[in-house]
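J.: The structure's right below; bear with me while I get my questions together.
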C-alpha cells in the first residue's frame, strides 16, 4: 500500500480516536499489520505517530482546562517507567501473542466503558488520596490505581496501543472524573506513555523512519482536528464512541490472528 494512502487512513483514525482520549495507537497498529508490516515495527511506528498526535491534542486540551495536572503527574510517572519497559521487552514476545494481548486489552476496556461509574470514594479511607486541580477534586484508590496503571503502561508500550484504552475507564469508573476531563487528562498521559514506549522500541533498534514520518504527519493533522471536535461533543456520545471503537479493534485483531 502507498505510504501516503496509509497516512490519510492514519489521519482519519487519529481524528476519531483523539476524540475519546486514546490517540489511536491501537488502530495504527491494526492498519500497519493489515498492510503487511511486522508487529514489532508496527508497534514502534504506532508509538511514534501516537506521540506526535497526542502531543498536539494535549496542548489544545490543556488550554481549555480539560487536563487534571495532579492526576496526570501521579499516573504519568508510573506509565513512563512501565511503558518504556514494555517497549524494550516487546521484542522478546511472539508476534501472535502480542496480537492476542492487544485484542484482550481492547475488549476488556470496551466492557468497562459500558458500566456506570461508581460513587466517589471517601478521601479519609486508607490508601485513598484526594487530588485537587482546576477547582476540581477527585479521589484515587492507590490499591486499585497503581497496579492497573503499571500494567496498562507496560502493555501499551509492548503492543504499541494507547494507554487511554484503560486510563479513561479507570478515571471515570473509579474516580468519578467527567468524560471530557478524563479525555484531556488521558491524552496527556497517552503522550507520556507513547514517548516512553517509542524510546523503548527505538533503543531496541525497532524503528523505520521512512514509514513513521509520513504517518506522523497524518496523525498530527487528525489529532488536532479530533481534539477540536471533542470540545464540541456531548460526554455521552464520546463514551459510546469509545466503547464502540474498542470493540471493533478487538474483533478485527482476533480475526487477523485466526487467519
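Each residue, glycine too, has its Cβ placed from N, Cα and C.
Look at TrEMBL and you will find 28-61, 73-91, 97-114, 140-161, 181-199, 211-231, 237-258 tagged as transmembrane segment.
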J.: Restricting to the same chain and to residues at least six past its boundaries, which positions have a Cβ under 8 Å from a Cβ of the transmembrane segment (28-61)?
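T.: Sequence-distant neighbours of the transmembrane segment (28-61): 1, 6, 9-10, 13-14, 18, 67, 87, 90-91, 95, 98-99, 102, 157-162, 183-184, 187-188, 190-191, 194-195, 197-198, 201-202, 206-208, 211-212, 215-216, 218-220, 222-224, 226-228, 230-231, 249, 252-253, 256.
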J.: For the transmembrane segment (181-199), find every same-chain residue at least 6 residues outside the stretch whose CB is under 8 Å from a CB in it, and list them.
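T.: That would be 18-23, 25, 43-44, 47-48, 50-51, 54-55, 57-58, 61-62, 64, 66-68, 71-72, 75-76, 79-84, 86-87, 136, 152-153, 156-158, 160, 162-164, 167-168, 171-172, 207, 227, 230, 238.
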J.: When you look at the transmembrane segment (73-91) alongside the transmembrane segment (140-161), do they share 3+ Cβ pairs under 8 Å, ignoring any pair fewer than 6 residues apart in sequence?
T.: yes
